[in-house]
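Q: Pulled these features from TrEMBL for this protein:
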ACT_SITE  Glu185  active site, proton donor
ACT_SITE  Glu265  active site, nucleophile
DOMAIN    38-368  domain 'Glycoside hydrolase 35 catalytic'
DOMAIN    415-526  domain 'Beta-galactosidase 1-like first all-beta'
DOMAIN    552-610  domain 'Beta-galactosidase galactose-binding'
SIGNAL    1-22  signal peptide
Amino acid sequence: SARMGLPALALLLAAGLLHTQASPSVRSFQLDYEHNCFRKDGAPFRYISGSIHYARVPRPAWRDRLLKMYMSGLSTVQVYIPWNYHETLPGVYDFTGNRDVEAFLDLTAELGLLVILRPGPYICAEWEMGGLPAWLLWKPDISLRTSNPAYLAAVDSWLHILLPKIKPRLYQQGGNIISVQVENEYGSYYACDYGYLRHLLGSFRALLGSEVLLFTTDSTRAEELRCGTLQGLYATVDFGPGSNLTEAFGAQRRVEPKGPLVNSEYYTGWLDYWGEAHASTSAAWVARGLEDMLQLGASINMQVVSWQRAQPPGEYMFHGGTNFAYWSGADYKDQYKPVTTSYDYDAPLSEAGDPTEKLFAIRTVISKFQPLPVGPMPPATPKYAYGWVALQKYAELLDVLDVLCPSGPIQSQFPLTFEALKQVHGFVVYHTQLPWDVPDPATLGTPPHSICDRGYVMLQKEYQGTLERDGQTTLHVTGRAGDTLDILLENMGRISFGANTSDFKGLLGNLSLNSRPLSNWLTYPLAIDTAVQQGWPHTALPKSSSGGRVGPAFYTGTFETPGLAWDTFVKFPGWSKGLLWINGFNLGRYWTRRGPQQTLFVPGSVLHVGLPNNITVLELEGAPPSPLLLFLDRPLYNRTLGYST
C-alpha cells in the first residue's frame, strides 16, 4: 500500500534482503569454465589452503592450530576423514572425543575458515592402511578400491553414516565446506576401475546433492590422470617446489582444458621413515614456488611431502601432528618402510603447533596477494622440561598373558594371522614347544615376507633375537624337546600407498626349524591398551620380576608436574624399541636404536596437575641398566643409525 511509507518499506526490503542472504539457496561455489576460475556466490574466488588432520592433533589443541593457520593468511583448510578411525569394527562407530569430526568442522566455521573435505573412502595420508579399516581384510576374496561387491557394500554402509553428517555443513547449505574429494590419487592404484569411481560418484551425489563441487587429485603423470579422473569429477593435480609449472599445470589442462588451475597438494616438506635420516626443506625454496603459482592465479593447498617422484606422493600437512598409538602407516618401495610416530615432517607448523621460519616465509608470500588477518600470530605453546624420571621393571610380557589376553589362547595346527584372529592393531603372541632335542644350533626361520612386521623370539622365556620383515628372517637356537618357544609379533602399521594395500599381519607362513615346520600353536591376541586404559599395571599387585633387561617387558613409574601441565618431549636414553603410555594414553612407538626420531611428543592435555602421572613402557628388545626417561622442552632427531636391531 502507498500508505505504508518509506520507513516501513525500507524495513520490509531489509528483511527480505536479510532473508535472501541467509537462505542457503543463494550460496554457491562453482566452476567457471569460461573464465578459468572458481566462483563463490558469483564472484571470482581463489583459495589458499593448508592441510590438517584432526586425528593427529589432540582435541584441546584444535583451536590453537586452526587459529594459527587462519593467522597465516589461509582462507581454507583441507581435512581428511579416516574411515578406520571412526568405524573401528564393522557397524561400530565412534564420533566422540578426539573423533568428533563434526565438532572439528564446526570449529573451522567458527574461526572463519572454509573447508575442502577429503572423506575417502581411501585417503593414503601415511595413515594405517590409508584409512581403510583392517577388518575389510577379514572378508574372503575382497578386492580393495574396486567394484568388488563386498568392498562396495562396506563403503556404501560407511558413506550412509558419514555423508549425512557432512551435507548440512556444505557451503550451499549454509556451511563452510566448499568442495569434496572423491577417493584419493586413484590413478596411482593398479586397478584403474572406472566402475568403482562411477559408483562413488553416484553415492556422493545421492547423499550430498547435485550442487556440491566434487573433485579428484592425482599426480601429473599421464597414466595416473587417465585412471584417476572421471567425467563429473573436476580433475586437480599435485606437485611440489622445483616442478616446472608450465608442464605441471599443462598436465591438468590435458584432462581439464578449462576451469581453475588447482594444485591440491603443494608439497612443503619431507617425509621420515624409521631408520632413515631426518629430512627438511628450505623455507625460501617453498616460498618461491608458492609465489610462482599464486602469480599464475592458481588455487593451492599446502602439504608436506618428500618430493621424490620415485617415492609415493602421499598426503602431508601444513600442520602434521603425531601418529599416536598405532595409527602410523607404511610405504613399500623395494622394502617395507614404516613411518615414524612424529608427523612433524618439517611442516610450517611444527608437531607441537609452533610457528616456524617456513610459516613466516609463506605468510609473507601470501601477504603480497591478499590482506592478512589483523593481529599477531599466536605464540608457540609453552613447553616444560620435567627432567629425569626413574622407572622400575614390572614384569616380563610372557608372565602377564592372563591380563593381556583374558579370554585365553586360540589353538591351531599352524599360525593364524592377525586378520584370522580379528586383531586390528598391536601385538600377538605365538606359542609352541620344540618337538625334538636341538643340541646343535638349528635354523629357526620363515619363508620370505612371512614376518609382518617384527617377531621377538623367546626360548624358555629367554630372548633370542628379532625376526624382521625384509630383514633378518632366521635365528640359530638350541634346546630340548618340550622347551617353550614364543614369538611376539608386532604390527608396525599397514601399508598406506600402492598396489599392496592388503597388508596382512602376523605370521603369514609357518615357522620352521631346520626347514621342518613347527605345529600345534597357541595364539594370544593381546589387548594391551584395554588393560592400560583400565589402570593396569599401576593398580595391580606388584609382580616378582627377574632382573634380566632383554626381551619384551613392562616398566612403570610416576612423576608430578609443578602446578602446570605443559607440552613436553620424552627421550629414551639407552632404550631400544617400544611403546609409551602416560595416564593410559598411548603416545606411540619409540625406536631409539634405529632413529631418526629420538623423542615422543607428550601433549600437556594428557598430563595431570596435582596427581601422579602414571608412566607405562613396553620395551621390546632391551632396557638400559638404569631405566630412566628424560623429559625435555624440545624434540630431538639424529641421523640414520642403519638397520641394526
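Each residue, glycine too, has its Cβ placed from N, Cα and C.
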Q: Can you grab the distance from Glu265 (active site, nucleophile) over to Glu185 (active site, proton donor)? Cα atoms, rounded to a whole Å.
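A: Rounded to a whole number, the Cα-Cα distance is 11 Å.
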Q: What is the number of residues in the domain 'Beta-galactosidase galactose-binding' (552-610) that are helix, strand and coil, as DSSP sees it?
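A: Per DSSP, the residues of the domain 'Beta-galactosidase galactose-binding' (552-610) fall into 3 helix, 28 strand, 28 coil.
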Q: Please count the residues of the domain 'Beta-galactosidase 1-like first all-beta' (415-526) that DSSP assigns to helix (H, G, I), strand (E, B) and coil.
A: 4 helix, 56 strand, 52 coil
Q: Tell me the Cβ neighbour count for Glu265 (active site, nucleophile), meaning other Cβ atoms within 10 Å of its Cβ, over all protein chains shown.
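A: There are 27 such Cβ atoms around Glu265 (active site, nucleophile).
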Q: Which number gives the other C-beta atoms within 10 angstroms of the C-beta of Glu185 (active site, proton donor), all protein chains shown included?
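A: A 10 Å sphere around the Cβ of Glu185 (active site, proton donor) contains 25 other Cβ atoms.
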